[in-house]
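A short write-up of the structure that comes next.
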Amino acid sequence: MEDRVSAPRTRAQGGRGAGRYAPSPSGDLHLGNLRTALLAWLFARASGRRFLMRIEDLDRARDSGAGERQLGDLAAIGIDWDGEPVLQTERGADHEAAIRTLARAGLVYECTCTRRDILAAPSAPHAPPGAYPGTCRDRTDAQRAVAREAILPRIPALRLRAPEGVRELEFDDVVLGRTRGDIDDFVLRRGDGTVAYNLAVVVDDATMGVDQVVRGDDLAPSTPRQILLQRMLGLPSPPEVEYGHVPLVLGPSGARLAKRDGAVTLAQLRERGVGSGEVLIELATSLGLGAPGEPVTTARLLERFDPAALPRAPWTWAGPR
Ligand code: GLU
């Protein structure tokens, strides 16, 4: 008999990997957010990973206190996490260091385009729809200085210099299967000085040891850009990092569930007499992990969870029963 065990498939089996949930604190979580968080938790715990929390508070126009309320709501439905939640605004030094690393390698350029400039510019041949047309990509130092002067007091945004001729990238998604998406010279730091989502997410996931990203499938189109950035920064990327993009929740109108659909947050549902236990039952039922009305706990759902049996279609929330 061989006296060795098979090599761990991912870092998680060695006990060091982590999944995460990373809400933007723009208000209370609604049922769609809670369902995504529950799935991220189930995927992480079912694979023996740690589960980490990150509040993506880089955008200033935030509802102060929303982050705390979101954490309270996640705890109320039985989601737990390891360690203290990470605040993205406290991670600026690492974000800037990553931009400097890319800049030293010649992979960053200044962009003075406004949204209107980008829409008005002719798109590059074979470029994916909506891709940055490359207006500022090949400027000389002198041209750049003039352009910078011309937009004062605005400051230029910073863009990634994507590899020449690479317009798309494919990855394996544990929910969607093989998935392809576009790549362009996306923004790393905006003209208002705020670090862009794609850069922050990649740097923070790597620093936190995240090797499993489960999130809403509205973010699947961002993943190729994030993988490109991981590779350019020498950070772990697929297959070492696993991605799973889960179906969104639809509201009664058939569009993506939103706050305007009414009773969609735990606080609103509580006002209608629907407690967090009942919300968990709804979520469990929607995932095929419980029967309508059957009391459940997240621990019980974890015993039943089988990623392969996850419903692939969006779930429609018609309102409280
Ligand atoms: N903060 C993002 C959101 O709330 C999610 C980011 C991610 O999971 O990568 O939409």
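All residue numbers here begin at 1 and follow the chain in the order shown.
Including glycine, each Cβ sits where the backbone N, Cα and C put it.
Glu56 is the residue from Glu56, Glu164, Glu168 that TrEMBL records in the L-glutamate site together with Arg20, Tyr21, Ala22, Pro23, Ser24, Tyr197, Arg215. Looking up the ranges 121-125, 216-220, 256-260, 296-300 in TrEMBL, the one annotated as motif ''KMSKS' region' turns out to be 256-260.
Around the Cβ of Ser24 (L-glutamate binding site), a 10 Å sphere holds 17 further Cβ atoms from the protein chains shown.
For the motif ''KMSKS' region' (256-260), the residues of the chain that approach it from at least six positions outside its boundaries are 27-28, 30-32, 218, 248-250, 317, judged by C-beta separation under 8 angstroms. Among the binding-site residues Ala22, Pro23, Cys113, Arg215, the residues whose Cβ sits under 6 Å from any atom of ligand 1 are Ala22, Pro23, Arg215. According to DSSP, Cys111 (Zn(2+) binding site) sits within a strand segment. Neighbouring residues of the recorded Zn(2+) site, listed in sequence order and excluding Cys111, Cys113, Tyr132, Cys136, comprise Tyr109, Thr112, Asp117, Ile118, Pro133, Gly134, Thr135, Arg137, Ala157, Arg159, Asp185 (Cβ within 8 Å of the Cβ centroid). If you compare Cα positions, Cys111 (Zn(2+) binding site) sits closest to Tyr197 out of the binding-site residues Arg20, Ser24, Glu56, Tyr197.
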